[in-house]
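If you check TrEMBL, you get these features:
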COILED    85-141  coiled coil
DOMAIN    11-178  domain 'Stomatal closure-related actin-binding protein coiled-coil'
DOMAIN    192-289  domain 'Stomatal closure-related actin-binding protein Ig'
DOMAIN    292-393  domain 'Stomatal closure-related actin-binding protein PH'
Amino acid sequence: IYWIQARLREAASLEKHVLLKKLRDALESLKGRVAGRNKDDVEEAIAMVEALAVQLTQREGELIQEKTEVKKLATFLKQASEDAKKLVDEERAFARAEIENARAAVQRVEEALQEKEQMSRASGKQDLEELMKEVQEARRIKMLHQPSKVMDMEHELRALRVQLAEKSKHSLLLQKELARSKRVKGNLSHLYELDGAEVLGSYLRIKPCSDIAPELSKCAIQWYRISSEGGKKELISGARKSVYAPEPFDVGRILQVEIIYDGQLIMLTTTGAIDAAAGLGNYVEALVRKHDVEFNVVVTQMNGVDQPSESIHVLHVGKMRMKLCKGKATIAKEYYSGLMQLCGVRGGGNAAAQALFWQAKKEFSVVLAFESERDRNAAIMLARRFAFDCNVSFKWFSKF
């Protein structure tokens, strides 16, 4: 059938060429019989016949090429089908072998479990009796010894903590008295002193200690942090109030404040480096394991405008971003970037130790008050840690 169809197509093609040749011969014979305008029409018809013959030859060449490509494609598909069938057969054989191996492994495990269960039933009763005896003995020892030891240790630790707190307070007073006496001996004007615990979670206040001390509102104030090793002095941007609450960035550094009045400079310095808050490091390490940490806060200021409302908001400190929400509404949500600013509030009285300033982006900033000093410092340390993991260099102090 295919051979007959091919022969028919060849015959049709030959018939077309023969017809075109006969038509051209007829036109040639007609050309010799006519003259003038009719002769021109005949010549034009001959040119059209020749063009049709050329197009027919080109079309036949294209058809032959397409036929060759179709044969190649059919051969390729046939080979691909055979390869796929072979691959499927191999995979089926492999899957059957794996299933048989799995069945054998399950059977071995079941036999082992049955054997173990039989053995445990035989020895379980004896083991249970021995275990009960050991538990009873342990309880007896615990009732006899542990309560008294624990109580003695707790009383001893409580007494040691009280003594340590008293000695630390007494040592701080002595250091301040020594610094005061050195300033007096050096003929420095003893008009102010720093008041407050030099530890993270507290705040420092400039306290007048003389009747002739000028009012602090008429003085220019600037706080600095000094490295305890190299003595490098670093300006704390925005810290120009009489009160300053140390933040985690200040731990291990000495704080200094300059008071300028009528061209005279007075410098006050902490007696030592700022100490870390007890237990804060362990608390932060526990929070770092979480993907998102929530803190209850109150927005006291937004974009420089005081907020009278004291409704509770939630500050989310996450691995990739920070977010401020009120109920289900999101007020701010920003990924960590070099443009973000986060630091403790500069000034603010005794509430400064519980507040921080967050500038999420250029056109949005808030002052947040936390439930405790520990939460405020933990939020700063967490954000710094997560930003560092994101290869972001944070701005930890801000002009505002």
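A Cβ is built for glycine as well, from the same backbone N, Cα and C atoms used for every other residue.
Just so you know, TrEMBL annotations are computer predictions that nobody has curated.
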Helix, strand and coil residues within the domain 'Stomatal closure-related actin-binding protein Ig' (192-289) as assigned by DSSP: 15 helix, 43 strand, 40 coil
Secondary structure composition of the domain 'Stomatal closure-related actin-binding protein PH' (292-393) [DSSP: H/G/I, E/B, coil]: 23 helix, 51 strand, 28 coil
Model confidence over the domain 'Stomatal closure-related actin-binding protein coiled-coil' (11-178) (mean pLDDT, whole number): 77
